[in-house]
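Visitor: My structure is below; once you've seen it, I'll send some questions.
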Amino acid sequence: MAAAKTLIVPKGATGVLVFADGSAVFGRGFGATGEAVGELCFNTAMTGYQEVMTDPSYAGQIVNFTFPHIGNVGTNLDDVEADLPHALGCVVRQDVTEPSNFRNVEPFDQWMKEQGRIGLAGVDTRALTRLIRVKGAPNVVIAHDPEGRFDLEALAAKAASWPGLEGMDLAIEVSAKESRLWKDGVWKLGFGYGRDEAGEERPHVVAIDYGAKNNIFRNLVKAGARVTVLPATATYEQVMEQKPDGVFLSNGPGDPAATGEYAVPVIRQVLDADKPVFGICLGHQMLALAAGARTIKMHQGHRGANHPVKRLEDGLVEITSMNHGFAVDSDTLPANVKPTHVSLFDGSNCGIELTDKKAFSVQYHPEASPGPQDSFYLFQRFVEGLK
Ligand SMILES: NC(=O)CC[C@H](N)C(=O)O
């Protein structure tokens, strides 16, 4: 797999992943035709492919799923984390079968096609994962053509000339462009999404959207907040105009250090004004940057739904959902930044708290979607703290 430079397309191959060095992995294309260039990452979650594909933090990335049966429950209108899929494409082991689920609305391959996203099936995705673990996340082109016509040299050149995620600001591209009130609560079988009938008396959370997953806002509503969403480029004055009781910093794609021009200075001003702050994933990384720490690109990243994280205050282990390729460098935490959570997989930083401010953040995804719900308490902790 992905061993040598390949110039011949095997008979029957209708999809391919091409690496910058010219090596290629062939399979059967599904979803949209065409090609897309991005970073290849792997996700080990056993459920929730629709949530993964629509998580805006996957902008610029192609997801290699280690779980073999992707697409088997189809797609529906509810399990989406944003209006569009943001991952560029996906690589899967088994061909996508007829959906078998009472919630299915549309087969996965058709949904991918309509959304302009490319799929590649019939690949040894676990071998591909091992390759990423050894060599780090590569830049690749995913391509699909029902006739199997691929110009492999041109595709390799495209992968080679893509600049990579490091230094790339994508939050600005996927963020909401307008401010809005958020109204949905969490989903319940038989009921769908709850409705927020919040009164003015509830704590007001101003959530800055750097590419947010909707389930974060739903959980803030469930925890009892009134939620206003602002675009990533919101100024300090625009944040304060909303009279927030607390400010939330969302997840999002790309390199946290590349958002430094607009996001981090605003976060610093919010901290200086002593507003309570809660951040998730990219929001965690940017809170750390605003506090004076540094972020680093990880070798392979963390993406899945079973990542154990230790809460340092009492040693409790949370099983968490993760999706990140950058991390806060724990060696750079200033004296007023206390680490609160650590990954039990590799010891990387998974949470911080500012000792002189009401501000905390986590690297993982307490909103799950997909994943375990061990960390829902963080929404409660934030919103209760605003009262
Ligand atoms: N889910 C996220 O917010 C991801 C943050 C950042 N883009 C990273 O890859 O680390």
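A Cβ is built for glycine as well, from the same backbone N, Cα and C atoms used for every other residue.
Pulled these from TrEMBL:
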ACT_SITE  Cys281  active site, nucleophile
ACT_SITE  His365  active site
ACT_SITE  Glu367  active site
BINDING   Ser57, Gly252, Gly254, Leu282, Gln285, Asn323, Gly325, Phe326  L-glutamine binding site
DOMAIN    13-143  domain 'Carbamoyl-phosphate synthase small subunit N-terminal'
REGION    1-203  region 'CPSase'
Visitor: Among the binding-site residues Gly252, Gly254, Gly325, whose Cβ has the fewest other Cβ atoms within 10 Å?
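Guide: Comparing Cβ neighbour counts within 10 Å for the binding-site residues Gly252, Gly254, Gly325 gives Gly325.
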Visitor: With every protein chain in view, how many other Cβ atoms are within 10 Å of the Cβ of the residue listed as 'active site, nucleophile'?
Guide: 31
Visitor: Those recorded positions, Leu282, Asn323, Phe326, His365, Glu367: which ones have a Cβ sitting under 6 Å from ligand 1?
Guide: Leu282, Asn323, Phe326
Visitor: Max CA to CA distance in Å over the L-glutamine-binding set Ser57, Gly252, Gly254, Leu282, Gln285, Asn323, Gly325, Phe326?
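Guide: Largest Cα to Cα distance for the L-glutamine-binding set is 13 Å.
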Visitor: Residues near the L-glutamine site, Ser57, Gly252, Gly254, Leu282, Gln285, Asn323, Gly325, Phe326 excluded, by Cβ within 8 Å of the Cβ center?
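Guide: Going along the sequence, the neighbours appear as Gly211, Asn251, Pro253, Asp255, Pro256, Cys281, His324.
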Visitor: Can you tell me which of the recorded positions Gly252, Cys281, Leu282, Gln285 is spatially closest to His365 (active site)? Compare CA atoms only.
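Guide: With Cα distances computed to His365 (active site), the winner among Gly252, Cys281, Leu282, Gln285 is Cys281.
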Visitor: Among the binding-site residues listed here, Ser57, Gln285, Asn323, whose Cβ has the fewest other Cβ atoms inside 10 Å?
Guide: Asn323
Visitor: So which binding-site residues out of Gly252, Gln285, Asn323 end up within 10 angstroms of Glu367 (active site), measuring C-alpha to C-alpha?
Guide: none
Visitor: Provide the number of Cβ atoms within 10 Å of the Cβ of His365 (active site), excluding the reference atom itself.
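Guide: That number is 25.
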Visitor: Taking the Cβ of Phe326 (L-glutamine binding site) as the reference point, list residues of the same chain whose Cβ is under 8 angstroms away and which are at least six residues distant in sequence.
Guide: Asp255, Pro256, Ala257, Gln285, Thr295, Ile296, Lys297, Met298
Visitor: Counting only residues 6+ apart in the same chain, whose Cβ is under 8 Å from the Cβ of Leu282 (L-glutamine binding site)?
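Guide: The list for Leu282 (L-glutamine binding site) reads Ser57, Ala171, Tyr210, Gly211, Leu249, Ser250, Asn251, Gly252, Pro253, Gly254, Pro256, Thr259, His324, given in order along the sequence.
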